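Have a look at the structure below, then the notes.
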Amino acid sequence: MESTMKEIRGGESVLGMDPKSTVGGGVEDVYGEDRATEDQLVTPWTYSVARSTFFLLFFFNLGYTLLRDPHHNKGLAFTETERDSHYLRGLLPPAVVTQQLQEKKLMSSIRKYQVPLQKYMAMMELQQRNERLFYKLLIDNVEELLPVVYTPTVGEACQKYGSIFRRPQGLYISLKEKGKIHDVLKNWPERSIQVIVVTDGERILGLGDLGCQGMGIPVGKLSLYTALGGIRPSVCLPVTIDVGTNNEELLKDEFYIGLRQKRATGQEYADLLHEFMTAVKRNYGEKVLIQFEDFANHNAFTLLAKYGTTHLVFNDDIQGTASVVLAGVVAALKLIGGTLTDHRFLFLGAGEAGTGIAELIALEMSKQTKTPLEETRKKIWLVDSKGLIISSRKESLQHFKKPWAHEHEPVKDLLGAVKAIKPTVLIGSSGVGRTFTKEIIETLASFNEKPLVMALSNPTTQSECTAEEAYTWSQGRAIFASGSPFDPFEYNGKVFVPGQANNAYIFPGFGLGLVISGAIRVHDDMLLAASEALAKQVSEENYDKGLIYPPFSNIRKISANIAANVAAKAYELGVATRLPRPANLVKYAESCMYSPVYRSYR
């Protein structure tokens with residue numbers, strides 16, 4: 001992947017940074033949020049009072065304000081002593097309950113909702129009211145609630161964001177703020193930011209241009225950074241860059257919350273993004289991670305290449321997807337046999353996800369066999385909307401597709417490509433649902449005892465095929481994984497449990513690894529380190545069920561191991577700035593992870 005980016009940026013490497021620029025950032029735990037501070041007493045109001053101009057007014061409303069502060073609100077879990085100390089008498093009913101009982105009550109309420117969007121709205125309301133309880137629910141019930149707070153439900157939430165909008169979450173930076181972005185960042189109440197997820201809303205999941213309503217994605221991703229990776233919520237900042245939308249339905253929607261204009265492009269767009277990137281670095285320092293999310297292909301590669309040598313940047317669609325898929329492929333080798341280089345890969349979809357996955361697989365092959373990258377790429381074939389990507393098409397291809405243009409006769413469609421290439425691994429990243437047809441899966445299974453089928457497009461409606469289809473059409477022989485979750489399926493008396501190649505396996509732990517090491521750049525070797533760590537977490541019990549990913553119930557342990565691997569690679573590459581290096585990176589990662597347990601207040 002870095003080789004592709006180097007080509008775009010004229011040979012410049014992410015490791016060729018100026019060491020003098022490694023300043024800023026930090027891991028100050030303002031709110032006592034991580035596991036290492038669980039037993040410390042917290043004074044919930046001093047930080048706010050110190051920043052308040054109207055000290056006396058604030059003081060007399062202290063208890064009322066505390067109940068409306070999501071960082072510190074505990075609801076009925078405030079003890080008798082805390083109610084006296086923090087002016088809460090009379091503001092709460094007399095009952096004192098535990099956090100566990102609150103969790104039980106809320107899960108009971110959420111499970112009564114029949115519509116996933118209602119569950120999503122209930123969770124978002126909880127996040128804005130009681131942050132620790134929100135994360136307690138999400139961490140303890142991750143397999144049940146992950147599809148609610150993220151894909152597939154978040155896709156519907158983004159489509160209807162204007163209608164369900166209640167309270168703003170994150171920063172909205174539009175063309176109206178051009179020339180003022182540095183000041184806009186100062187409006188955010190937190191000063192020590194470590195992770196920013198930013199979108200321009202042009203390619204939300206497989207749903208297209210949702211403009212300003214794409215904010216649901218940064219909000220959801222950062223919730224997972226905290227719940228799954230342990231990044232403290234106070235250091236997370238969701239951002240939407242609003243440059244307009246080309247979605248006519250939204251422009252005509254009276255409830256649309258964004259700019260009502262066509263998308264800005266060209267220099268106007270580039271200037272706004274550059275001002276944002278410059279302001280972020282100036283405001284938060286060198287070590288703030290900026291994750292680009294759901295940008296269209298024509299901007300995603302350009303932004304990653306442009307800022308990869310000057311900022312700590314990461315594109316989850318290109319790099320995160322690649323890392324999680326590579327981990328699944330490596331784990332699947334135990335079931336399908338052979339080494340990575342023994343297999344032939346065919347992709348449907350040659351956008352940022354498809355080419356990113358292909359490049360990382362080729363890079364891992366190159367690393368394992370000491371073979372030039374140009375040679376390992378020849379094991380991988382891509383199909384786009386015009387058919388198989390081949391050398392005769394090279395002049396008309398976008399730059400990120402050109403490395404995959406191999407010598408071959410023209411092939412117009414995926415079925416023809418499957419017959420011609422005879423892949424052992426079929427990967428879908430097209431964003432178009434039901435494109436892995438019965439004939440395609442049957443053809444794939446005709447020359448593979450155990451074909452690996454990965455239908456990665458999100459949400460579920462856009463998946464290239466369902467788990468049921470993959471298992472049925474392959475007569476129960478396929479190893480299947482998808483981007484969105486599918487229920488277990490019984491075929492011929494055997495229960496198959498579909499794997500989920502969810503980026504949530506990678507990016508939370510990856511981000512934690514960058515933060516705890518004080519990394520200032522992202523390198524491909526860190527992505528490989530994350531993939532290797534994830535693949536090692538698949539147990540024999542998982543393999544027995546046909547799984548190539550571990551269960552999400554273990555995600556925090558998985559994230560800690562990924563973080564340790566990524567941090568170790570950052571130290572090895574010389575891009576880590578947090579010195580000295582901790583002796584045990586796994587234990588250090590665990591100690592830095594956010595804990596949602598209520599703190600005791602002085």
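Here the Cβ of each residue, glycine as well, is placed from N, Cα and C on the backbone.
Counting every protein chain shown, the number of other Cβ atoms lying within 10 Å of the Cβ of Tyr150 (active site, proton donor) is 28. Taken from TrEMBL, the feature active site, proton donor applies to Tyr150.
For Lys221, the entry in TrEMBL reads active site, proton acceptor. All protein chains shown were included, and the count of other CB atoms within 10 Å of the CB of Lys221 (active site, proton acceptor) stands at 27.
Remark: Asn458 ((S)-malate binding site) has Thr151, Pro152, Gly155, Leu205, Gly206, Gly483, Ser484 as non-local neighbours, by Cβ distance under 8 Å and separation of at least 6 in sequence. As annotated by TrEMBL, (S)-malate binding site applies to Arg203, Asn458, Asn502.
Residues or ranges marked as divalent metal cation binding site in TrEMBL: Glu293, Asp294, Asp317. In sequence order, Thr199, Asp200, Gly201, Glu202, Arg203, Ile204, Leu205, Gly214, Ile217, Asp317 are the residues of the chain that are 6 or more apart from Asp294 (divalent metal cation binding site) and have a CB within less than 8 Å of its CB.
Mean predicted confidence for the domain 'Malic enzyme N-terminal' (127-308): the pLDDT average there is 95. What TrEMBL lists as domain 'Malic enzyme N-terminal' is 127-308.
Residues annotated as domain 'Malic enzyme NAD-binding' in TrEMBL: 318-571.
A count of other CB atoms within 10 A of each Cβ picks out Glu293 as the most crowded of the binding-site residues Arg203, Glu293, Asp317, Asn502. Of the recorded residues, Lys221 (active site, proton acceptor) and Tyr150 (active site, proton donor) place their C-alpha atoms 7 Å from one another. Comparing Tyr150 (active site, proton donor) with Glu293 (divalent metal cation binding site), their Cα atoms are 14 Å apart once rounded. Annotated divalent metal cation site Glu293, Asp294, Asp317; additional same-chain residues within 8 Å of its Cβ mean position, judged by their own Cβ, are Thr199, Arg203, Ile204, Ile217, Phe292, Phe295, Ala300, Asn315, Asp316.
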